[in-house]
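Participant: For D24, H26, D53, the entry in Swiss-Prot reads Mn(2+) 1 binding site, with the evidence type similarity to another entry. Taken from Swiss-Prot, the feature Mn(2+) 2 binding site covers D53, N79, H185. Residues or ranges marked as active site, proton donor in Swiss-Prot (evidence: similarity to another entry): H80.
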Amino acid sequence: MMRPEEIYQRIEAKNWRHVWVVGDIHGCFSMLMKRLRECRFDPQQDLLVSVGDLIDRGPDSLGCLALLRESWMTAVRGNHEQMALDARASSQSTLWLMNGGDWFTRLTAEHAAQAEALFILCQRLPWILEVRCRHSTHVIAHADYPASTYQWQKKVDLHQVLWSRERLINKRGGISGADHFWFGHTPLRRRMDFANVHYIDTGAVFGGQLTLARIQ
């Protein structure tokens, strides 16, 4: 059973000039680099936070996974990272392979070893990240924060954190306890915002755009 301190992490945004949140990247490394240049992202002063799903389906999952080593990049875990971790732990890889994990089977031995080392970093990714900015508090998770009120280290259903689309489908409303909530997981034609909830997976790997939002 996961301890609350392994599920939640907190970041003080005062340590950076700007903080950006990015939607599901899914291996689209070159697209991400292009968008960062367009946003004038400065890796010396800025922080990029991913809503998860760095890997699978796109052309460079290994390159995107390697971003976890960069000091200017952090992420919450997505359902695709979790599928990869589950596959590596159990040797039951069917679900992962059916959902874009076949890139791993095509790696050279050298690159596979690199990926295995990076999956260790994935094990440390939180499910929920709280970012304390100068004038607001932002909560980032992959698919949902499955409660009507946010509370630091509150017990929540982790499967729903990674997989749920209920709030988005039903437009169930906002969440109290923080100023803004940022999710990905469900590819949309354009960013969707209602109440204080923001969905920013705009289907980059399916021919859409890669959405970045500056929260500080």
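Every residue gets a Cβ built from N, Cα and C, even glycine.
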Participant: What's the CA-CA gap between H26 (Mn(2+) 1 binding site) and H80 (active site, proton donor) in angstrom, rounded?
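Facilitator: H26 (Mn(2+) 1 binding site) to H80 (active site, proton donor), Cα-Cα distance: 9 Å.
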Participant: Taking just the CA atoms, what is the gap between D53 (Mn(2+) 1 binding site) and N79 (Mn(2+) 2 binding site) in Å?
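Facilitator: Distance (Cα to Cα, whole Å): 7 Å.
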Participant: N79 (Mn(2+) 2 binding site) to D24 (Mn(2+) 1 binding site): how many Å between their Cα atoms?
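Facilitator: Each residue's Cα considered, N79 (Mn(2+) 2 binding site) and D24 (Mn(2+) 1 binding site) end up 11 Å apart.
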Participant: For H185 (Mn(2+) 2 binding site), which residues in the same chain are close in space, meaning a Cβ under 8 Å from its Cβ, but six or more apart along the sequence?
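Facilitator: Listed in sequence order, they are D24, V51, G52, D53, G78, N79, H142, A143, D144, L162, W163, R165, D201.
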Participant: Once near-sequence residues are set aside, which residues in the chain of the residue listed as 'active site, proton donor', 6 or more away, have Cβ atoms under 8 Å from its Cβ?
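Facilitator: Listed in sequence order, they are H26, G52, D53, L54, I55, D56, W96, N99, G100, G101.
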Participant: Using the centroid of the Cβ atoms of D24, H26, D53 as reference, list every other same-chain residue with Cβ within 8 Å of it (recorded Mn(2+) 1 site), in sequence order.
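Facilitator: Checked against the 8 Å cutoff, the neighbours are G23, I25, G27, G52, L54, I55, D56, R57, G58, G78, H80, G184, D201, A204, V205.
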Participant: Applying the rule Cβ within 8 Å of the centroid of the Cβ atoms of D53, N79, H185, what extra residues of the same chain belong around the Mn(2+) 2 site?
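Facilitator: Along the chain, the qualifying residues are D24, V51, G52, G78, H80, H142, A143, L162, W163, G184, D201.
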Participant: Work through the binding-site residues one by one (D24, H26, D53, N79) and point out the residue whose CB has the fewest other CB atoms within 10 angstroms.
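Facilitator: With the binding-site residues D24, H26, D53, N79, fewest surrounding Cβ atoms within 10 Å: N79.
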Participant: In terms of DSSP three-state secondary structure, what is the assignment for D53 (Mn(2+) 1 binding site)?
Facilitator: coil
